[in-house]
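Remarks on the structure that follows.
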Amino acid sequence: MDLFILTRFILFLSFFMKSIHCQYSESQESGHNRNAPDKELTTEEFQLIFHQSQTVDIEYDFINITTEMIETERKVSFTIDGKEYHLSLTPAASQSVLPYGTKIKSAIWWTDNDTHIHEEDYSDERWDSRAIYENLEIMATILVRTENGTSYYDGVFVKYSNEGVRSLPGRLMNIYGANYHFVYDSNGSVYDVVLNGQDEPAVPADMASKIIFYSETPCTCRLLIIQDLLMKTSRRLSSISTIFWNAVNLRFRPVQHPKVNIIITGIVIAKNEAAFQHVYRARYSKNSKLVHTGRVIDNGRYFFGTNFDPYYDNYDASFTMASMDDPTGKGGATVIGGICSSSNNIAYIRDVGSYSGVKVATHELGHLLNGQHDSDTTCSEKINDNIYTIMAKQGSTKASKFVWSSCTLTAFANFSKTTSAACLKDTYRKQ
């Protein structure tokens, strides 16, 4: 009798465990990450690929990319959620935003209560325009590295929800091969803080004929990038900047009157937590992982005037990129029309290195070029449920398309005719 009961119990337990296993398998297969590799990612690999800790819930797919080279065009195909994608990637139409020879420095906070800037012995000619490929249809910017005959794709496509593309780290590449890549969701906040700092009015109509060339002369925005992203190498941060700012540059391609181009004239990388005092002093006292976005701009006016004049004199605006959250959800801050002003040419964006800040960086540069929130103009910020404007006050992360409004395009054109935009006509680039 005891043996009979024991046998029944074992059979029941076996059936129960099998049922639980089936339920678990079904739930795994129905999840978004059903194409995850069967080898579990290590903590270091997860951080390297997604730029965040494993405690963060990230939606991603593990895909096999097939490529074909036809002259200078790369044909790329892959499948996500049963849907096939076929992209044509062409070499970037313009010079890379990060030319070979761009100054890269490090910043360290020393015990003398000051930030010291040091030259970094690092640059990489492989990240010039020949390595950047793009697709205007889905606003894709891809950095292609070719090593030993194998191509690796890292980048972002931002027409729809921000999607990052990442090649595999060494261990996984040895297991799965170089054709496998991760595609992951990298959407970030598009809610920001703006200040009106423009102090020079538009040029009077009777003087317009003297500077009419301004409206058609391309505007070159020379940017100094401040990277407060610790635990990343100079090589990796330079790669991130190349992809990130080429993606922003691509978003400005539809702007034609005047054309707007981005060039990075310097990168400064934080080497310790207090290196960038304008960010460090904007943190919340009760939680140092949170930052008050508006204070970064206020603090920056002093910080850049004190620490950067001796090192850099060839930039129209600085963009600080940091990974700290703002408890109010703000993803960026800047000053309207401040790009050529020595005290207002400051912008801040949140990005952890995953390209989640591409949209807000485009938005903030639009503000610096005197674009306002469309809700504050006669233009609607929502075309329909699927299309929002880039300068929407609080854009939708579910929109399938983002466009420049007619109000913003007019603001850019008018601003380019003023003395407040004079620096954008200067193509000087100090080597």
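Backbone N, Cα and C define each Cβ position, glycine as well.
Swiss-Prot lists a disulfide bond between C340 and one candidate from C379, C407, C423; that candidate is C423. If you count neighbouring Cβ atoms within 10 Å for each of the glycosylation sites N113, N187, the highest count belongs to N187. In this structure, H373 is the one among the binding-site residues H363, H367, H373 with the smallest number of other Cβ atoms inside 10 Å of its Cβ.
For the recorded positions N113, N187, C340, C379, a Cα to Cα distance of within 10 angstroms from H373 (Zn(2+) binding site) holds for C379. Comparing Cα positions, H363 (Zn(2+) binding site) lies closest to C379 out of the recorded positions N64, N113, N148, C379, C423.
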